[in-house]
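Read through the structure below, which is laid out as structure tokens, and then see the notes.
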Amino acid sequence: MTKPNIQIFHYAIRCFIILGLALYIAYLVKHDTLQYYIAPRMMGYIQWSAILLFIIAIFQLYFALRSKAEVDLNCDCEHTPSKSKIKNIVSYTLLILPLLFGFLLPDTTMNSALAAKKGVILSISSSNSPLNHAAVTGKTPLDMPAPPSEDAIPQVDGKFITTQPYNQDYAKLSSKLYAKETIPIKPEIFLETLTSLDLFMDDFVDKKVELSGFIYREPGMLADQFVVARFALQCCSADAIPYGLLIEFSGDKTYADDSWVKITGTLHTTTYKQQKIIKISASQVVKLEAPKSQYVYPNLEFLEEVL
């Protein structure tokens, strides 16, 4: 293969790879499955990147056509591709294979199989999760400042007392949650609600609560125990972490892993794997259809959320 033809080949294959990436992003956007892999705050960047990739692909095609039309001046001043066939094959294969997997494999959400590998966090305050790091260091997830809160903490019979400045907002949220007859663990403030329950677990004992998520079981759990969890994303699926609560339910029906359920019950504390955690003694379990948006995300303005 002559030098101009080699250049044309490399420009052409780069064009197809880059165009394939742009089309794959467009495919995910069209089918509303980009949310399976990217947090909402990052979606705009990804969508714009598809446009930029398309422009780059056009330039690669232009370079290929120009190489075909131009006479090789052989000035040795251009950046030529590697002459190693093995290196070129490996390089392009590493780009093409993930693209093929993306198009050929079905788009699915993360489930209990991945939760088993990552491990579900049942106690935020005693884990190495980003939320616990925030409570200890005074920095919120994503290294962003905590939302301003100048109002005094509404006291509830001396409950929700904290000396750590960062936990003041969680104490306020706890007071708002405690005022509800049934505490709703809403997806919009899922992480923040779990953090509040975990930080002040003794104050929430015997409170009624509602929680929805997918079922996950760890090896060694009792027959009446399972976890209801959700995956939390900060930027993308690579940093996904499953958070949940331990459920104890003595009903006759059993529910398979990955089943989506709504739990109604009362909050108690227990010891699990030598850690004190909060649990729900479930009085009712209702099976649900999996929601369209299954993940949860950090909410820096959680105090503004209407309960």
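Glycine is no exception: its Cβ is also placed from the backbone N, Cα and C atoms.
Features of the protein shown, as given by TrEMBL:
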DOMAIN    13-120  domain 'DUF1980'
DOMAIN    161-298  domain 'DUF1980'
TRANSMEM  12-29  transmembrane segment
TRANSMEM  45-65  transmembrane segment
TRANSMEM  86-105  transmembrane segment
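The DSSP breakdown of the domain 'DUF1980' (13-120) into helical (H, G, I), extended (E, B) and coil residues amounts to 78 helix, 1 strand, 29 coil. Using DSSP to sort the residues of the domain 'DUF1980' (161-298) gives these counts of helix, strand and coil: 34 helix, 57 strand, 47 coil.
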